[in-house]
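The feature ATP binding site is assigned by Swiss-Prot to 63, 64, 65, 66, 67, 68, 69, 70, with sequence analysis given as support.
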């Protein structure tokens, strides 16, 4: 079986990694200031002496998929001859499992003459704080006590739940690669594979990859599969281009920074576009983007009209109205007369509404369990339970604690939690 090209052409050294000089300098400086590393490596790459670099307890590499976060750590370990203990935080989630894997890795002796050990927590934003039984807290504990380099990667480390991790780490942002930089890498691979690739074909792959070099290399290998050694633009069009997944931050950025109406409208064609999520995020991002009250008011007016359309669609199933709703919500919010030139970087905040829903999730789960139990045993509808029975039980339980105790036993929920629901 052929080796995947993303592995075959993975950079082996710092010098081979494309256009991430700032990240390389910061990471190398941190290693050289706090740990043992070859003198020649430090002389070439350790360019920073900042206080925040020297005081960081760990490094958190942040950036979109395919920009080289994991590759950068592998190259670092190879350059300084450290054994890399790599864990994917999406797979090794619990505190017990983390302690088991890390503990074993640190206890075992290094083979092949390694100079030391370092730990990589890959995709740390894959952890779910509530569900993953202390995984995040254990990572923080490991960072606080470790005597070896701890490096993490994340696509989006700015979720509020990861603030404790950011507080003890230095966040190093990796840039999305430009179309030209991706094309240059693809060109080198074509030459190495003995394939004749049209420039327009390579540019089409690079453009659809949106700076994700890993995706671009995978696409190139797919187009040249089966022993093919010629790639044209017609081949790309015949097979079809990649439609990349976008985060909500990227969706908002594309909408607000669209240069014309159709460009903003086209965001809805992306498979990751979700109207409900977009509406919630847009509601809170409009005043962040548009400081002018009149422009912000116009944006809110168009978004509210789009919501009216969506409400009617849900009630009547008149899906022929959907284009009008999307044009108002996307193009209407983006293309406003007098709209100012927007800065390159806009700090979109995570919606407070979603944060409040997340915080109340457990309370709502307990309430739903209670309503379900009462509906089955009293042979009443859930709406009646919510609007009448709950209030009756609440009044009765104030003078009769046995009601709460019986419900607690029946549902397997702590009596204090039952009381909080009532």
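Glycine residues also receive a Cβ, built from the backbone N, Cα and C atoms like all the rest.
Overlay of Swiss-Prot annotations on the structure.
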{"residue": "63", "record": "ATP binding site", "Cβ neighbours (10 Å)": "23"}
{"residue": "64", "record": "ATP binding site", "Cβ neighbours (10 Å)": "20"}
{"residue": "65", "record": "ATP binding site", "Cβ neighbours (10 Å)": "18"}
{"residue": "66", "record": "ATP binding site", "Cβ neighbours (10 Å)": "23"}
{"residue": "67", "record": "ATP binding site", "Cβ neighbours (10 Å)": "26"}
{"residue": "68", "record": "ATP binding site", "Cβ neighbours (10 Å)": "26"}
{"residue": "69", "record": "ATP binding site", "Cβ neighbours (10 Å)": "25"}
{"residue": "70", "record": "ATP binding site", "Cβ neighbours (10 Å)": "18"}
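Taken residue by residue with DSSP, residue 67 (ATP binding site) is part of neither helix nor strand, so it is coil. For the ATP site, the Cβ centre of 63, 64, 65, 66, 67, 68, 69, 70 serves as reference, and the other residues of the chain with Cβ at most 8 Å from it are 153, 155, 174, 212, 213, 214.
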